[in-house]
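What follows is a set of notes on a single structure, which appears directly below.
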Amino acid sequence: MSHDPVVPSAPATDGGATDGPRLGVVVVAAGSGTRLGAGIPKALVEVGGVTLLARSLSSVLGLAEEAHVVVVAPDTHLAETSAVVDAVAGAARGSVAVVVGGATRQGSVRAGLAALVGSVDTVLVHDAARALTPTDLFAAVARAVRAEGAGVVPGLPVTDTVKRVDPAGECLGTVDRSDLVGVQTPQGFPRAALDAAYARAAAEHTDDAALFQASGGRVRVIPGDALAFKVTTAWDLRRAEELVARDAGAGSASSRLRSGIGTDVHAVDASQPLWLAGLHWPGEAGLAGHSDGDAVSHAMCDALLSAAGLGDIGGIFGTDDPELDGAHGEVFLRRTAELVRDAGYRIVNVAVQVMAVRPKLSPRRAEAERILSAAVGAPVSLAGTTTDGLGFTGRGDGVAAVATALVERL
């Protein structure tokens, strides 16, 4: 399905406009989140039942000053991003636009800048992944930009000892950390100067301050906030969850965790195509079943339903539903994930062990993990064993899968 690049909600840039908000905020939410391993764009990952984007947007909309906000989204999840914006912005929806991002972060920021209304003279660029950034930090950066007439970034002193090393790992020396800071977002700039810097930019830069400086702009650092850390890895996500739980008075997230186990077995049926782990395997003998016989997907469903206390796949879906005759495992996974979330749980992760002599999983493991992760909206890991040629799986008579799932009560 194709989408217009801009979801109508605010006027596009009007070069000479003076009426309207002077502050613009570009919220970059177009990242894939590959390192997080969630299978969905990082900004749509939940912390405490609320997406990172929603938390970031809530902080922005908490500003006392009127602002025009542009959320930059991946083209693959434009509708989902717009739905989050609709829910968070409410009556302020008219001041928030959603645009499609570029191939790089720099391209995404450029798209966001182009969508700001003409009255904006001060721009803040913020990563949606820094979801716990307090509203006060946005206000402080905006004030500093106007006071300095320069670029302004929040930062915190580097506390770890920093070493310089060569490509072989040989330590070349210790860096004096007294003048080092780790920078955060939002990063603020005079709008005209930032537009000019982007117009001249030829190389890719790691942040907007570097791009601004490369074009001759001056950048100042103001005190940052420990809560403005970026959620990049699973560890960062756990840290954010614990902070949210603490603030909500809900205690440790571990007290709300539940696990489940699921097992599924299907006999080989050479007359059928093979669907396993959400993938079609051309040239391989298929599996017998009412649906497509995807033992991996079915075991995952049972594990998730068990963890949430919802029963099992047979009791939920049955074999008498004509709509599910021949249905692919991805259909069951998406429906199961929806049931689990409707029951008040967040899916933390799923791990699956496949027992089979064929197909060989290793060459397509990463592809399968991406498909399965996207279907349940959480990280999925896949492993395989031939069971040393023992039993019905070792003889090639069938395929078995065992899955474990972890969910968290919200």
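Keep in mind that glycine also has a Cβ here, set from the backbone N, Cα and C atoms.
Sequence annotations record features per position, and here Swiss-Prot assigns region '2-C-methyl-D-erythritol 4-phosphate cytidylyltransferase' to 1-257. Mean pLDDT across the region '2-C-methyl-D-erythritol 4-phosphate cytidylyltransferase' (1-257) comes to 87 in this model.
Neighbour count (other Cβ atoms within 10 Å of the Cβ, all protein chains): 13 for ARG35 (site 'Transition state stabilizer'). The secondary structure of ARG35 (site 'Transition state stabilizer'), as reduced to three states from DSSP, is coil rather than helix or strand. Residues or ranges marked as site 'Transition state stabilizer' by Swiss-Prot: ARG35 (among others).
Positions annotated as site 'Transition state stabilizer' by Swiss-Prot, on the basis of sequence analysis: LYS42 (among others). The 10 Å shell around the Cβ of LYS42 (site 'Transition state stabilizer') contains 26 further Cβ atoms across the protein chains shown.
Sequence annotations record features per position, and here Swiss-Prot assigns region '2-C-methyl-D-erythritol 2,4-cyclodiphosphate synthase' to 258-410 based on sequence analysis.
For ASP264, HIS266, HIS298, the entry in Swiss-Prot reads divalent metal cation binding site. According to DSSP, HIS266 (divalent metal cation binding site) sits within a strand segment. Cβ environment of HIS266 (divalent metal cation binding site): LEU287, ALA288, GLY289, GLY293, ALA295, GLY398, VAL399 lie under 8 Å away, each six or more residues apart in the same chain.
The feature 4-CDP-2-C-methyl-D-erythritol 2-phosphate binding site is assigned by Swiss-Prot to ASP264, VAL265, HIS266, HIS290, SER291, ASP312, ILE313, GLY314, THR385, THR386, THR387, ASP388, PHE392, ARG395.
HIS290 (site 'Transition state stabilizer'): 14 other CB atoms within 10 A of its CB, across all protein chains. Annotated site 'Transition state stabilizer' per Swiss-Prot: HIS290 (among others), in sequence order, evidence recorded as sequence analysis.
Under the heading site 'Transition state stabilizer', Swiss-Prot lists THR386 (among others), citing sequence analysis as support. DSSP assigns THR386 (site 'Transition state stabilizer') to coil, not to a helix or a strand. Cβ neighbours of THR386 (site 'Transition state stabilizer') (same chain, under 8 Å, six or more residues apart in sequence): MET355, ALA356, VAL357, THR393, GLY394.
For PHE392 (4-CDP-2-C-methyl-D-erythritol 2-phosphate binding site), the nearest neighbour among the listed recorded positions (ARG35, LYS42, ASP264, HIS290, HIS298), judged by C-alpha distance, is ASP264. Ranking the binding-site residues SER291, THR385, THR387 by C-beta neighbours within 10 Å puts SER291 at the top. Calculated from their C-alpha atoms, the gap between HIS298 (divalent metal cation binding site) and ILE313 (4-CDP-2-C-methyl-D-erythritol 2-phosphate binding site) amounts to 7 Å. A Cα-Cα distance of 16 Å separates THR387 (4-CDP-2-C-methyl-D-erythritol 2-phosphate binding site) from ASP264 (divalent metal cation binding site).
Cα-Cα distance from ARG35 (site 'Transition state stabilizer') to THR385 (4-CDP-2-C-methyl-D-erythritol 2-phosphate binding site): 26 Å (rounded to the nearest whole number).
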